[in-house]
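Student: Sharing a structure, written as structure tokens. Questions coming.
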Amino acid sequence: MYLLLIYFLILIIPIIVMPGAIKAGKLSPYRVVMYSAITIAAATVVIFMIASMTGKGIFAQIKELVDVMAKDLAQNPMVADAFDLAAVGEAERTEMFKNLYNSTFAVMPACIMILGMVVSYIEYIIIAKIMGRRTQVSKMPKLREFSWPNGAFMAVMGMYLISWILTQTGVFGDNMIYMNVDLLFNFVFSVQGVSVVLMFCHMKRIPKPIGVVIAIVMWMIYLGRLVLLMVGMFDLIFGIKGKIQGRSARR
């Protein structure tokens, strides 16, 4: 029930908070999206707190669900054959599936934040287009022109290093916080890398659909995502897109 409420809020909060900011025109489109995503994150925290105070917390409920699903999968012979686990005992299969589910649900907070940013981005485009019929509003720039705000690199890198150090030194009982920060770290810089790839394709006059396909393929492949991550980091530090545009302009 609580997760459904969170997903509902992810859809509805941008519609509530963004139109006023879009109409005021004091913030850039990306800052409006971040404002919406932060509001979603705050609402999610409140729901988590309410769930904990009124009964079993969301993670406690998920743990119970994981135990049930892992046991059901371990007892299913078709699943055992599909994963070539027929020779493994049921207890071992249950533990394996339980660890798999736990790893997946452990990054749920980061996934909610990322989903909030993506939904806010899409809804900004829709809302701005609708409002633009009546008044002048700031349209969302092309993705190739996207860049995280100044200081984003140091902020995200600082969060990543602090969470890694605290996890390695045993301050945190498990690596859940590090896993969430790591996922956000990869998302932030991979998106920046996608914008660099799209800008490069644009300046080289590569057709837009081909550029989009290249970016999608790189995102889906591990090595490609690693390249996007590194390119995104270098872009925030050294301004790669600006140099690409400068060289093309000189030609």
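Backbone N, Cα and C atoms are what each Cβ position is placed from, and that goes for glycine too.
So TrEMBL says this about it:
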TRANSMEM  6-25  transmembrane segment
TRANSMEM  32-51  transmembrane segment
TRANSMEM  105-127  transmembrane segment
TRANSMEM  148-166  transmembrane segment
TRANSMEM  178-200  transmembrane segment
TRANSMEM  212-234  transmembrane segment
Student: Any chance the transmembrane segment (6-25) and the transmembrane segment (105-127) are in contact, meaning at least three CB pairs closer than 8 A with a sequence separation of 6+?
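Tutor: When sequence-distant Cβ pairs are counted, the transmembrane segment (105-127) touches the transmembrane segment (6-25), since at least 3 lie under 8 Å.
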Student: Could you pull out which residues elsewhere in the chain have a CB under 8 Å from any CB of the transmembrane segment (32-51), counting only those six or more residues past its ends?
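Tutor: Those are 2, 5-6, 9-10, 13-14, 17-18, 21-22, 57-58, 61, 109, 112-113, 116-117, 120-121, 123-124, 149, in sequence order.
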Student: Six or more residues beyond either end and a Cβ under 8 Å away: which residues meet both conditions relative to the transmembrane segment (105-127)?
Tutor: 6, 10-11, 13-15, 18-19, 22, 29, 32-34, 36-37, 40-41, 44, 59, 62, 66, 139-140, 174, 176, 179-181, 183-184, 187
